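Some features that Swiss-Prot has for this protein:
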| type | residues | note |
| --- | --- | --- |
| ACT_SITE | Asp70 | active site, proton acceptor |
| SITE | Arg12 | site 'Important for substrate specificity' |
| SITE | Thr71 | site 'Important for substrate specificity' |
| SITE | Gln154 | site 'Important for substrate specificity' |
Amino acid sequence: MKQMILASASPRRRELLQGLGVPFEVMSSDIEEKINTELSAPEIAKELAYQKAKDVSNKLDGDYIVIGADTIVEYNRILGKPKDADEAYQMLKLLSGKIHRVITGFAVIDCRTKKEIVDFEVTNVYFNHLSDEEINRYIETKEPMDKAGAYGIQGKASLFVSKIEGDYFNVVGLPIFKLGVVLRNHFDINLL
C-alpha cells in the first residue's frame with residue numbers, strides 16, 4: 001500500500017484514521033486559511049482542503065497519497081473556529097435550537113501520478129435549545145475553542161445534539177465512508 005500522509009494537525013482526524021488501523025503519517029500544512037466569501041460553503045471547504053493537500057504534496061517526492069480536509073459549520077453564514085470565548089458564545093447561541101450544516105471538504109492527491117480528487121460531505125445537525133448557563137459552562141471547558149462552529153460533537157457538546165442526518169464522522173472532521181469510496185474507486189486503496 002502507498003504511504004498515506006494526513007495533511008492536518010487535527011487530533012480528531014488523526015484519531016479517525018487510527019481507528020481504521022491504517023498506517024499513515026501526519027504532516028501539517030503551512031497554508032493560511034483564507035475564506036473566499038464568493039464561494040458556496042461546500043466550495044470553500046473543498047478549496048481549503050485542496051490547498052492543504054497540495055501544500056503538503058508539493059513537499060514530498062515518492063509514492064505517497066496525501067489527504068487534506070477542512071470542516072466548516074454553516075447556519076446563515078460560515079462559522080469557523082471562534083477567536084475567543086465571546087465569539088464561541090455567539091456561535092453557540094446562534095446554533096441553539098436550530099438545524100445547521102456541517103460540511104467537510106477533502107482532497108486526495110497521489111504524489112507519483114499527480115491524480116487529484118476533491119469532494120465533500122454534508123451532515124445536518126439538530127441542536128437542542130441551549131440555556132446561557134449551558135453555553136457558558138461549555139465554554140469554560142475550553143473544548144469549543146479549536147473547533148468549527150465552537151463545538152465538538154464527540155465531546156461534551158454531544159449533550160446538545162438531538163439528532164443528525166448524514167455521516168457522524170463528517171461532523172467530527174473526516175467523512176470516513178466517502179473518503180473510503182474515493183480511495184477505493186480512484187486510487188485502488190482499500191481501507192479494510
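Every residue, even glycine, has its Cβ placed from backbone N, Cα and C.
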To the nearest whole angstrom, what is the C-alpha distance linking Thr71 (site 'Important for substrate specificity') and Arg12 (site 'Important for substrate specificity')?
11
Can you name the residues of this chain that are 6 or more positions from Asp70 (active site, proton acceptor) yet have a C-beta less than 8 Å from its C-beta?
Glu33, Ile44, Ala45, Lys46, Leu48, Ala49, Lys52, Thr104, Gly105, Phe106
Local Cβ density at Arg12 (site 'Important for substrate specificity') - other Cβ atoms counted within 10 Å:
19
Just jot down the residues in the same chain as Gln154 (site 'Important for substrate specificity'), at least 6 apart in sequence, with C-beta under 8 A of its C-beta; none if empty.
Arg12, Val172
Using a 10 Å cut-off, grab the number of neighbouring Cβ atoms around the Cβ of Thr71 (site 'Important for substrate specificity'), all chains included.
30
In terms of DSSP three-state secondary structure, what is the assignment for Thr71 (site 'Important for substrate specificity')?
strand
In three-state terms from DSSP, label Gln154 (site 'Important for substrate specificity') for me.
coil
Provide the three-state secondary structure of Arg12 (site 'Important for substrate specificity') computed with DSSP.
helix
